[in-house]
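Here the structure comes first, spelled out in structure tokens, and everything after it is commentary.
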Amino acid sequence: MMKDNNVIQVENLSKLFGDFAAVNQISFQVKAGEIFGFLGANGAGKTTAMKMLIGISSPTSGKATVAGFDVYKETESIKKNIGYMSQKFALYDDLTVKENITFFGGIYGLSKKQIDQKRCELVEELGLQEVTKSLVASLPLGWKQKLAFSVSLLHEPKIVFLDEPTGGVDPITRRQFWEMIYKAAHNGTTIFVTTHYMDEAEYCDRVSIMVNGKIEALDTPKKLKEHYKTDTMNDVFLKLARG
Amino acid sequence: MKIILYIIKKEFKQIFRNKGMLPIIFILPVLQLVILSNAATYEIKNIQFGYVDTDNSSISRGLIEQFESSTYFNVSEKFPSEKEASQAMQEGTIDAYLNIPTHFERDLQKDKTKDIGVFIDAIDGSAAGVINVYITQIIQNYNKSIVADLIQVSDAVQKPKNIDSIPLFWYNQTLNYKTFMVPGILVLLVTMITLFLSGMNIVREKEIGTLEQINVTPIKKHHFIIGKLFPFWVLGLGLLTIGLILAKVIFNVPMIGNLGLLYVYTAVYILVILGIGLFISNFTDTQQQAMFIAWFFVVIFILMSGLFTPIESMPKWAQKLTEFNPVKYFVEIIRMVMLKGSSFNDVFPLAIKTLVYAIVMNGLAVWSYKKTL
């Protein structure tokens, strides 16, 4: 494994809240262009770990670089190179589709021309032509999620972090969402995704499974299933999470 | 710079799209200005007045007539005895009563002097003081007019002349309290609206989760803050404009000084308030918390601003505290500029304090705003 190829490099990263280690000395690497699944039960520390990597939470100890930048000192440089979609829907409900795209494109420093071009592409790809002037609040959740994902890709980040992006949406939309993820990965974007859905874990190139703040397993879905002698990622997860 | 414009555009869209917010911003202040300016008065009017007149003479009836013709008194009832009058006071139906004793006229003519009883409900001490002054004035004036009838000519010659003082009321000749109150209430409105709106605005984004999204972008702290606060700065100046127009049109408040000076000062003043609002929002997680804290400060700021009660009559320690009250500076300056026509040099010492306050407050606010937790 060539080190230069790693866009995320994490060594013994920890986050303590008082005595409680939400993230306990985790280490892993993510390669460029990879779809990396970051799995774990509720409260296992996935979101906390992710927040350290995207530069909005300072680690307690350990080392990590994202897109070549240090998570302690170079958070603003990291932010230029990543996209992020939170589990809470995070576009503005009281702005229209068009206004949201313009706003986020604008604060990432895209030119007006770039924004217009990106918006046309995005609207066409998602089939939102009819609703560009509707408030985002009026869209169904699935559409909102797809829009939020597309918005997080506006500035063509090297890595995009998705925190439970498909929570609460129907199976068809989930499927479409994953098609979008594949397309972004195909275009060279690294995908770092957390999820609860074990069928989604099967779509990832590699997955890590976090239990109580530690990474208990990390490999391709195929190898993990072989190792734990099960047929599905679901069983792998249950074996690990139940201990 | 371009990034700031994107934020400002977004904020204005959100403000004007929010159907619940617009009336708060524009209609409530207008109502407040009109209602408060008419209601918040120091003038004591409509005093409920009763009397006991066991003398029932022409002089005693003349005295009561004086009260009846006064616009300040509502002479309600003649009580048969002191007992009933004090009962009425107890029940709160009268604010004051006069007790004219039996043989009042006879004794006055014989001895040239006679005491009468004045009883005033003094739960509100300052109101009681004012009522006392009114009653004393009426009795003295009546006294003067009947003196001529009572004393002999020779006495009158020997009597020293009265010393009359003729007051000249500067800056508010007609002693119109609205002239005094309207500018102050305008300060209150500009302060409250800008503080609440700015304080709750960023917390709101925290609540709905969009602030996290913003914090993951490479946006610079000061760009974001300037973009966020600028719309409220404009709104504050807009409110001042609406208020000044109402003050002129409805209350005919004089505007002697330079309005440009007032605008420049207000521009700086609003920065102080926005800084405080942002500072509050940095330390709170919900709009509710932000609102409570903002209220806490607003109440203290208003009651200690000299708007309703003069700062000079506060205890020394409280007077020192008012130095930290931005509202006090604005109340003083708006009254100076509008009513006295004070110039830049007159307001300079207060203005410079406000400027320092603005720099400190915004420095603190920007410093305490953290993109990283």
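The chain as shown is numbered from 1 upward.
Each Cβ is built from the backbone N, Cα and C atoms, and glycine gets one as well.
Per TrEMBL, these features apply:
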TRANSMEM  B:21-40  transmembrane segment
DOMAIN    B:128-372  domain 'ABC transmembrane type-2'
TRANSMEM  B:180-203  transmembrane segment
TRANSMEM  B:229-250  transmembrane segment
TRANSMEM  B:262-280  transmembrane segment
TRANSMEM  B:292-311  transmembrane segment
TRANSMEM  B:347-369  transmembrane segment
Check your understanding: Hey, which of B:180-203, B:229-250, B:347-369 has the most Cβ-Cβ pairs under 8 Å against the transmembrane segment (B:262-280)?
Key -> B:347-369
**Study point:** Outside the transmembrane segment (B:180-203), six or more residues from its ends: residues with CB under 8 Å to it
**Key:** 11, 21, 24-25, 28-29, 32-33, 36-37, 40-41, 172, 211, 228-229, 232-233, 235-236, 239-240, 243-244, 247, 251, 253, 266, 269-270, 273-274, 276-278, 280-282, 284-287, 289-291, 293-294, 297-298, 301-302, 305, 307, 326-327, 330-331, 334-335, 338-339
Revision key, fill the gap. Sequence-distant contacts of the transmembrane segment (B:21-40), meaning Cβ under 8 Å and at least 6 residues beyond its ends, amount to 15, 178, 181-182, 185-186, 188-189, 193, 197, 235, 239, 242-243, 246-247, 250-251, 308
